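Trainee: Quick paste of what TrEMBL says about this protein:
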COILED    156-190  coiled coil
REGION    761-781  region 'Disordered'
TRANSMEM  7-28  transmembrane segment
TRANSMEM  34-52  transmembrane segment
TRANSMEM  59-76  transmembrane segment
TRANSMEM  82-98  transmembrane segment
TRANSMEM  105-123  transmembrane segment
TRANSMEM  129-146  transmembrane segment
TRANSMEM  389-407  transmembrane segment
TRANSMEM  413-430  transmembrane segment
TRANSMEM  437-460  transmembrane segment
TRANSMEM  491-509  transmembrane segment
TRANSMEM  529-555  transmembrane segment
Amino acid sequence: MTAIRIWWLPVLMGIGQILVWPVAPYIFTQAPEPLDAAGAVVITVVIAVALGWRMRAPVPALAVCVVAASIGATALPTDVLTIIGLSDLVVLFSLAALRPARYPVVAVAVLVAVWVSVLAFVGEPDFGWAVGLVVIIYTTVAALGANRGRWQRARADAAARLLAAEAEQRRAAEAERERLARELHDVTAHHLTAIVVNAGAARRLGAGRPELVRQALEFAAETGRRTLTALNRLVTVIEPGAGEPLALRLGRLATTARSAGQRVTVTVEGAADALPPPLVDAVFAVVQEAATNALRYAPGAEVTAVVTVSDGSVRVEVTNPSADAAGAAGSLGSGRGLAGLSARAKDLGGTFDAAPVPAGGWRVCADIPCVTPAAAGHRLSTVEGALDAVLMLVVLVPPLLVMLIDGGAVRDQWWLLTLLILLHGAPVWWRRVAPWWTLLAVAGAGLAFAVIIAVTGLPIVAADPLVLGFGAEMTAVWSIAARGRPVRTTWCGALVAAVSASLMLVVISEDLRRLAADASSPPEIVIPVVVTLALFSAAFAVILLLTMWLPAFLLRRRRDRTLGTEAAALRAADERAAAAAQDQRQRFAVGLHASVIEPAERLIAAAESVPPEASPDAALAAVDQVTAEARAGLAAMRELLGAIQPVPTGDRSAPPRGIADLADLCSERQIQLEAGPILHPLPVAVDLSGYRIVDAALDADDTAEVVSVTVDHIRETLVVTVSGVPGATRGIVAARIRARAAALGGKIRFDPAGVVQVHLPAPPEAGGPTTLGEVPASTSA
């Protein structure tokens, strides 16, 4: 397909050229000279081959085309290479699209010089007009090619941004998953382990020292409450709300923090709604991280955030007093948030500082400029500015050349004509920012040009620069169709330009001059002027609508549609990533509640259930229950961590076992396995968790004589059923199974008769660990 896309045009141009000349003269007119015909064929083949290399090597291809076409223009009859002679335009377009700006600039200069030499060699009578047209054609083609290259690079950059956004979101989700696992371990393991150790010591020494049992229960209740508080903070999710106004996002942040027990006051001063999205995200991230750190290390303390937007920068200052030791969350955080904020502020050209204050507490401050250094560059340094400069040269240089070369009769008034040409073409520079005003300025300058010619009595040749400079009106009409508002009325720009051009021609016409010389002119002079104005206006309007407005309007629709599709794809990627991250957090929260929070609540209830007047045996029984719940919480926490991080990052020489290994597991334990086909590769976490659930259920102490395992893959759900394991429906084993299933968003059913059934969501995952087919089945002996 790539070869066809490259070679179809050279082949078509070559065949067309050979058919037009020399084949057509042999058939319809006088046969050309054999030497000329052979030379035309050779030149055509050489240029066609060079055109085929325009994508890979545009500079050598252009050189070959220019040399071959120049030889043909001088050695062959006039205008015989009419089709293949356009090859230099095709290669110039590709060169401008594929190479930096300096290449097409040099190429245009060389091509203009070559054509000036050829025109001078053949003795072109209208030399000035010819040179002006050459400059217009080559400069316009180079500008169109550069614009095409800019468009293609922008699309490639957009695709790269989409891939980068998806990759970054995946990395962010993985980082969030690792953070949740790390902080869960930091928050829970220490507290629950301390409860188990303390309760075990009290159980051993309780017979001789009953007061230790009471102290162990009080410690368990207090530590359990701290664990619950820390876990509730851990699952508190503050949504970023990207794309919303800064004040609204900060207000939602304050509301969410207050619901978690943190007092947050946010003040926004200045025009925050006018800030660009990257700056809004940076400001929100600073306040969010500061509030999160206060929630971790200074729970209950009042956090004050002040955002001040000035003319050149945004200042963010967040302060909070110190926290009491009892309420602080210890080493809950990972310590990476502040470093990330500092890097983000530096990327935006700002500064970031976070340090304790002398009076106690913490202060976070960031100063970020509103305009980045890259955005403050000169307009000419951008591709759009360079194209505008090229268009100005297109509308200014050819009229000046015509005036200086062919305008012998008006050369004495060069200063006046130069000023009029500049006034007529200079407004093109503002065509992007104000297309309607550009058209009005160009049309007004053109009418003034024509009126001055008519009033001063300059010869009609003085209007040649005005006619050749009509590209200014055409450019303005194109800009209105491409960027003007409202879109539905952009076609009116073509009518305005057509009427303006018609008025210019009528003003400089001989009939109007006679009409102005004799005020009592008969109607037979006035009527032709009016008819001429109407006819020219209609003709120019049709020409401008078809050649300028319609192509620009269609390109605008395609551009808006493409940009809208890309923006929608980016939004969809962000939404999918956010939904996946939110789903991960929700699963984590559900698994956390089932695995750790519920045992912690039961632990607290057991520790507080013993009244002061209870017997020592009742206190010891409560200690045993506290120990059991703490051990259940620790076991469930390990399962939850295993579900969150299914693949270990250390030694991978022995890969973890998955669904495909259930046959070996059941065969080792002489347990019946019934397995259906696996429809598609399973996600890693589902594959490993399915095996671990079966393994945990089979490890239960209380099992029936007949134990069976059933695995079914129904659409996008993996159903694992273990029968004959009453011990797996309660206690630590049940907590482990419940935690792992909840972490993956699965559903679980415990039957006291000894049936454990788990439904795990298993969407397709390309390249997953399980191959298509059936799980090998084994039967009991």
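Think of each number as a place in line: the chain as shown, counted from 1.
Note: Cβ is positioned from N, Cα and C throughout, glycine not excepted.
How buried are these features, and what lies next to them?
Mentor: Mean pLDDT for the coiled coil (156-190) in this predicted model: 69.
Listed as Cβ neighbours of the transmembrane segment (34-52) (distance under 8 Å, sequence separation of 6 or more from its ends, same chain) are residues 6-7, 9-11, 13-14, 17-18, 21-22, 60-61, 64-65, 68-69, 71-72, 75-77, 80-81, 84, 87, 90-91.
Within the same chain, residues 9, 13-14, 16-17, 20-21, 43-44, 47-48, 50-51, 54-55, 58-59, 61-62, 65-66, 69, 72-73, 104, 107-108, 111, 137-138, 141-146, 148-149, 152 sit at least 6 positions outside the transmembrane segment (82-98) and bring their C-beta atoms closer than 8 Å to a C-beta of that stretch.
Listed as Cβ neighbours of the transmembrane segment (105-123) (distance under 8 Å, sequence separation of 6 or more from its ends, same chain) are residues 59, 62, 66, 70, 73-74, 78, 88, 92, 95-96, 130-131, 134-135, 138-139, 142.
Beyond the transmembrane segment (129-146), the same-chain residues lying 6 or more positions past its ends with a Cβ under 8 Å from any Cβ of the stretch are 89, 92-97, 101, 104-105, 107-108, 111-112, 115-116, 119, 383, 386-387, 390-391, 393-394, 397-399, 401-402, 405-406, 464, 468, 471.
Outside the transmembrane segment (389-407), and at least 6 residues removed from its termini, the chain residues within Cβ reach (under 8 Å) are 126-129, 131-133, 135-136, 139-140, 142-143, 146, 380, 414, 417-418, 421-422, 424-426, 428-429, 431, 461-462, 464-466, 468-469, 471-472, 475.
Taking Cβ pairs closer than 8 Å, the transmembrane segment (413-430) reaches residues 388-389, 391-392, 395-396, 399-400, 403-404, 407, 437-438, 441-442, 445-446, 448-449, 452, 458, 462, 465-466, 469, 472, 475-476 in its own chain, all 6 or more past its ends.
Within its own chain, the transmembrane segment (437-460) is flanked in space by residues 409-410, 413, 416, 420-421, 423-425, 427-428, 430-431, 466, 469, 472-473, 476-477, 479-480, 493, 496-497, 500-501, 503-505, 507-508, 510, 512-513, 516, which lie at least six positions past its ends and keep a Cβ under 8 Å from the stretch.
Same-chain residues lying 6 or more positions outside the transmembrane segment (491-509) and placing a CB less than 8 Å from one of its CB atoms are 435-436, 439-440, 443, 446-447, 449-451, 453-454, 460, 463, 466, 470, 473-474, 476-477, 480-481, 484, 529, 532-534, 536-541, 543-545, 548-549, 553.
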